[in-house]
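Here's the structure, in structure tokens; my notes come after.
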Amino acid sequence: MVSVFLSTLLLSAAAVQAYLPAQQIDVQSSLLSDPSKVAGKTYDYIIAGGGLTGLTVAAKLTENPKIKVLVIEKGFYESNDGAIIEDPNAYGQIFGTTVDQNYLTVPLINNRTNNIKAGKGLGGSTLINGDSWTRPDKVQIDSWEKVFGMEGWNWDNMFEYMKKAEAARTPTAAQLAAGHSFNATCHGTNGTVQSGARDNGQPWSPIMKALMNTVSALGVPVQQDFLCGHPRGVSMIMNNLDENQVRVDAARAWLLPNYQRSNLEILTGQMVGKVLFKQTASGPQAVGVNFGTNKAVNFDVFAKHEVLLAAGSAISPLILEYSGIGLKSVLDQANVTQLLDLPVGINMQDQTTTTVSSRASSAGAGQGQAVFFANFTETFGDYAPQARDLLNTKLDQWAEETVARGGFHNVTALKVQYENYRNWLLDEDVAFAELFMDTEGKINFDLWDLIPFTRGSVHILSSDPYLWQFANDPKFFLNEFDLLGQAAASKLARDLTSQGAMKEYFAGETLPGYNLVQNATLSQWSDYVLQNFRPNWHAVSSCSMMSRELGGVVDATAKVYGTQGLRVIDGSIPPTQVSSHVMTIFYGMALKVADAILDDYAKSA
């Protein structure tokens, strides 16, 4: 595990409390690490993966003392690792450690591979992410029902589940004055996942308000609560933090209060390789999993009711493929006998990030982060007619090219997705780009195109799940619109940094700096982006939840089509990208799916 680092910052009684280390509770010693302790046993439910959705669903199921659950997690309990995980200001320091899966993509643009960051440990990626807490546009979630046929997956329903997960703290007067916003009707207060303002106790930088004043002059809404269903605009954001500014990862929220339940067992240091099935008249029924660490050391464990895959958007598709569920062409190449033909591992949608950074003058000193969710017109500016023309003339061509590249399998069904995205951007005023600004002596924008038209894939390369041989191929920028959008968002960030009220605090650009001329065209920005982007690590849709006709892998209750007793319950199932950070969606989704599982359990009792 990462070594523990403890530090205490003493502030006056009047100051907001900065990060204080959390109480250290030895959870790991109460968990299982010996696979023989569970091998051959039978549980009601087996959950493959102890990340955000896995731990949330495990906690909800085991509220019923009659339900026995086993969670199998490759990593360990890491929430005690001190500031490197607990302190939100240490974001990024955990990258490259044993708590980071650090998957490699196949060679992409210019033959570059990219690292895909994902948490390895109980809590999954909530251990290592930026713990930002926003929600998407309501029309995006409504489309899951209206466009993709997933009954019950609409904003009104999901909004209640998302609020049910949350325990929000109202910002202080000083935080509101600095640029935070809070609409109490959009927040839950009785949930498990704490949210509040990030605050290190230092004075607030005036740059947040300067950004708001700059975009307000352009007609952009400011100080919007980003959790109310229409996030377009500029505001400061909430984070998953407790009152001591400690990261509230999924293990701290859902496992720490519940790890001593007698009906909940957590096995660490092991990975699920494949699902075990028996054939029935109704098709294959999941009866357990094979887990272990290598081909010579692995075990079987059995599920009375269901197997629930929660290994994440990069890994859950692989478990299905190792189990014989997937595209025949992929399984044949890996020497796996096909059990069921489903479009597993395609339709994967991740975003891309670039950075525009400048020095801040001494007048801009202080802490703070603000986000600009920009719509289509705000992002593209003078280039909006060109971008609109692409959306109105190229969807058929893009769908054909994507299918030919292996990003999807059906041109007609993919065009439904593309038309949905076009409607969002041109008719529904959804946020198209996110510009995330950090201060503290700088004006730093990390920014990304939120709505990618590129479709990637992740597939196995052998029949042995423990060799860890797979091809993660996001296919970044193989769609021209995605590159244009990322370039336009980058250009917008540079323009905003030195105009309007922001000019007072601008003290010279450091990135791109001299690497890109100041009056760069969108074409020049595109060239720069290709050389300097990174993945955004928000991949979804590799086991899409949509009608089977449109390319779905799971139905509206997260059940894998054509099977019994098998669900995928993680970030691989949302059928679309969204204009937000994804934790709120995943928590709400996990609670909704948990209710569906419990409904089926009640019917079987």
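Even glycines carry a Cβ here, placed using N, Cα and C.
So that you can see what the record holds, here are the features copied from Swiss-Prot:
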| type | residues | note |
| --- | --- | --- |
| SIGNAL | 1-18 | signal peptide |
| BINDING | Leu52, Thr53, Glu73, Gln101, Gly121, Ser125, Asn129, Gly130, Ser132, Val272, Gly571, Met583 | FAD binding site |
| CARBOHYD | Asn111 | N-linked glycosylation site |
| CARBOHYD | Asn183 | N-linked glycosylation site |
| DISULFID | Cys186-Cys228 | disulfide bond |
| CARBOHYD | Asn190 | N-linked glycosylation site |
| CARBOHYD | Asn335 | N-linked glycosylation site |
| CARBOHYD | Asn375 | N-linked glycosylation site |
| CARBOHYD | Asn410 | N-linked glycosylation site |
| CARBOHYD | Asn519 | N-linked glycosylation site |
| ACT_SITE | His538 | active site, proton acceptor |
Checklist outcome for this item: Cβ neighbour count within 10 Å, max among the recorded positions Ser132, Asn335, Asn519, goes to Ser132
Item to check | Nearest-integer angstrom distance between the alpha carbons (Cα) of Gly571 (FAD binding site) and His538 (active site, proton acceptor) | outcome: 9
Checklist entry - If one measures from the C-alpha of Asn111 (N-linked glycosylation site) to the C-alpha of Asn410 (N-linked glycosylation site), what distance in angstrom results, rounded to a whole number? => result 28
Item to check | Candidate recorded positions Leu52, Glu73, Ser132, Asn335, pick with smallest Cα gap to Cys186 (disulfide bond) | outcome: Ser132
Checklist outcome for this item: Quick note, Cys228 (disulfide bond): same-chain residues at least 6 apart with CB under 8 Å of its CB -> Arg135, Asn183, Thr185, Cys186
Item to check | Secondary structure at Cys186 (disulfide bond), reduced by DSSP to three states | outcome: helix
Checklist entry - For Asn190 (N-linked glycosylation site), what residues in its own chain, 6 or more apart in sequence, show a Cβ-Cβ distance under 8 Å? => result Lys164, Ala167
Checklist entry - Given Asn410 (N-linked glycosylation site) and Glu73 (FAD binding site), what distance in Å do their CA atoms have, once rounded to a whole number? => result 35
Checklist entry - Which of these recorded positions has the least crowded Cβ, counting other Cβ atoms within 10 Å: Leu52, Cys186? => result Cys186
Checklist outcome for this item: Among Asn335, Asn375, Asn519, His538, i.e. the recorded positions, the one with its Cα nearest that of Gly121 (FAD binding site) is His538
Checklist entry - Who sits close to Asn129 (FAD binding site): which same-chain residues at least 6 apart have their Cβ under 8 Å from its Cβ? => result Tyr91, Gly119, Trp537, Met583
Item to check | Same chain, 6+ residues apart, C-beta under 8 Å of the C-beta of Glu73 (FAD binding site), given in sequence order | outcome: Gly49, Gly50, Gly51, Gly54, Gly121, Leu122, Ile266, Leu267, Thr268, Gly269, Gln270
Item to check | Candidates Ser132, Asn375, Asn519 (recorded positions) - the one closest to Asn335 (N-linked glycosylation site) by CA | outcome: Ser132
